[in-house]
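Visitor: Before I ask anything, here is the structure I am working with.
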């Protein structure tokens, strides 16, 4: 459960990305594909090289979905409902992959933000990403 302080930290840190959202999303995906090679199976048509247009484009979509979730922290289920349906019913993505992406996104954020990615921010982002993963996996039950 996200506390009021967690929500505040998440919104603040997201606001500091300053137009680097696509870059962070692409970096997180690239890290995921290389740290967890099994995730590549969902993207057989993608050029999975670092910085490819396809990774950048999908990274932008991932970050846009997370931005929408951050705007709707009190109603994540509704904010992510369509995305949950897509991943569960159409794409049939194994829910463990949401955790993999979460870990890689946190590394990308920490790398980008340096000291601003404090232990408190890390904890808040980890809770947020766990909540997102949980909501995305709801339709699998």
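A Cβ is built for glycine as well, from the same backbone N, Cα and C atoms used for every other residue.
Found this in Swiss-Prot, in case it helps:
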| type | residues | note |
| --- | --- | --- |
| DOMAIN | 1-141 | domain 'Globin' |
| BINDING | 58, 87 | heme b binding site |
Visitor: Go through 58, 87, our binding-site residues, and report the one whose Cβ sees the most other Cβ atoms within 10 Å.
Guide: 87
Visitor: If you run through the domain 'Globin' (1-141) with DSSP, how many residues end up as helix, strand and coil?
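Guide: Per DSSP, the residues of the domain 'Globin' (1-141) fall into 112 helix, 0 strand, 29 coil.
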